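A.B. asks: I have a structure I would like to understand better, so I am pasting it below and will then ask my questions one at a time.
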Amino acid sequence: MASKKFAVKCGNFAVLVDLHVLPQGSNRDSSWFSEQKKEEVCLLLKETIDSRVKEYVGIYKQRKPSSAEFTRSSPLSLKGYGFQITAYFLKRGIHLHCIQNSQNTELRVFPERFVVCVSQLAFGHDIWANQNEKSTKKALHGVSDYFPECAESSPSPGTKLKRNALKEIVRRTKSKGTDVSKPQPSGDLVGRSSDSVITVVPWRRDASAILLSESVGQAQDDIRAAKSHQELPVQKLENVSQTQPGDTRSQQQLHPGEWLKTGLLSRSPAYNYESASPGPKQSLRAAKTQQKHRNCGSVEDCDHRRRVSLGNEGLVPEDADRERSTAVRVLPALELSDPGLLLKQDLAKAKAKEELHALENLSSRHLVTNNPGQAQQSDSAAITEQLATDQGGPSKKRKKLQSYNRGCSGKKN
């Protein structure tokens, strides 16, 4: 009989275990007991050792007699996988103590020794073959040994349908994975009626339909937003988006400034007023505006010289306002086809004219302060204009002057 001795730690106690292995066969060989089976024996006896140590600690504190359990007369019997265990506790005649060191200062030796005898079970060849066949069948069918009652009862029809559906899903995912890893030509995919092609094509159709519906919904939302913000009719927006290529080319050839000029000439009253035949008063006003434009030109030259002298090439506020007014005047060509936009354009032009008139007044004042000669010329032009207006109709001063001249001539005679 081969014996092995080792210790098992349980709390603050070290339990000494005497393991005896009974030989098997005619040769009395104990090689059948491997190290793996030793670990199995320790796992099976771990709970028994823990309960015995706890019982001893309780008895020692309460000073009660120990129970006669797991003795030589009534040993513990357990069965493992292919072996039989017989174990009991035996009191030691000599008290042993652990060597005091830094690691196990509180470790004590358990006063009872645990004796374990292991023997191999005498199974026949037929019994081992039957057990192996049953275990392989259960492993193939996925049946667990812990739930034998579930394995014996047949599944319900609903459970069968669910299992079949899960198997089909697994099979399709595997087939898709193989198709992705091994791409094939389009002719083979069309010619074969495999499940992977049948499942992939409807998904692509659904995806394209979803994308088409999303694009249509987005276009409708854009049309509604344009209608609510700009108050444009929906039909005109749709016509703009559905124009023919020839129309778009003809629209692209014309510059936005030309569209603006043609639209404003046909609708703006200012250009109609300028196209009429000028009268005497209109000619005087035209001369006055030309004089103002000349003054503006001289003011711009002065500003340019001042910028060059100061080294600042940035725009003065007047130039910035003019560029802002020109930016307001220029509009895209597509927006000129709507009367509402043209009305807004006319309002913007009127506002720009007012700003230009204010700038001209400021420039004329600046010219008076800087160029007194030009100011005298403008004053003389205003005096001639006033005399011309006085000559248009007889006034009381002229009559008094004529009567005064007649009186003087009569006195001389």
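Just so you know, glycine gets a Cβ as well, placed from its N, Cα and C.
As annotated in Swiss-Prot:
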type     : residues : note
CROSSLNK : K61      : SUMO2 cross-link
CROSSLNK : K79      : SUMO2 cross-link
CROSSLNK : K167     : SUMO2 cross-link
REGION   : 172-193  : region 'Disordered'
CROSSLNK : K176     : SUMO2 cross-link
REGION   : 228-300  : region 'Disordered'
CROSSLNK : K236     : SUMO2 cross-link
COMPBIAS : 238-254  : compositional bias 'Polar residues'
CROSSLNK : K288     : SUMO2 cross-link
CROSSLNK : K344     : SUMO2 cross-link
CROSSLNK : K353     : SUMO2 cross-link
REGION   : 363-413  : region 'Disordered'
COMPBIAS : 364-389  : compositional bias 'Polar residues'
MOD_RES  : T389     : phosphothreonine
CROSSLNK : K396     : SUMO2 cross-link
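I'd like these features described in context: how deep, what's nearby, how far apart.
C.D. replies: Sequence-distant contacts (6 or more apart, same chain, Cβ under 8 Å) of K61 (SUMO2 cross-link) do not exist in this structure.
A strand conformation is recorded for K79 (SUMO2 cross-link) in the three-state DSSP classification. Taking Cβ-Cβ distances under 8 Å and a sequence gap of 6 or more within the same chain, the neighbours of K79 (SUMO2 cross-link) are I85, L121.
When secondary structure is read from DSSP and collapsed to three states, K167 (SUMO2 cross-link) falls in the helix class. Sequence-distant neighbours of K167 (SUMO2 cross-link): no residue of the same chain at least 6 apart has a C-beta under 8 Å from its C-beta.
DSSP gives K176 (SUMO2 cross-link) a helix state. K176 (SUMO2 cross-link) is surrounded by 14 other CB atoms, counting those within 10 A of its CB over all protein chains shown.
If you draw a 10 Å sphere around the CB of K344 (SUMO2 cross-link), it holds 14 other CB atoms from the protein chains shown. In the three-state DSSP scheme, K344 (SUMO2 cross-link) is classed as helix.
All chains included, 12 other C-beta atoms sit within 10 angstroms of the C-beta of K353 (SUMO2 cross-link).
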A.B. asks: List the Cα distance (Å, whole number) between K344 (SUMO2 cross-link) and K353 (SUMO2 cross-link).
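C.D. replies: Spelling it out, the Cα of K344 (SUMO2 cross-link) and the Cα of K353 (SUMO2 cross-link) are 14 Å apart.
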A.B. asks: If one measures from the C-alpha of K353 (SUMO2 cross-link) to the C-alpha of K176 (SUMO2 cross-link), what distance in angstrom results, rounded to a whole number?
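C.D. replies: About 72 Å separates the two Cα atoms.
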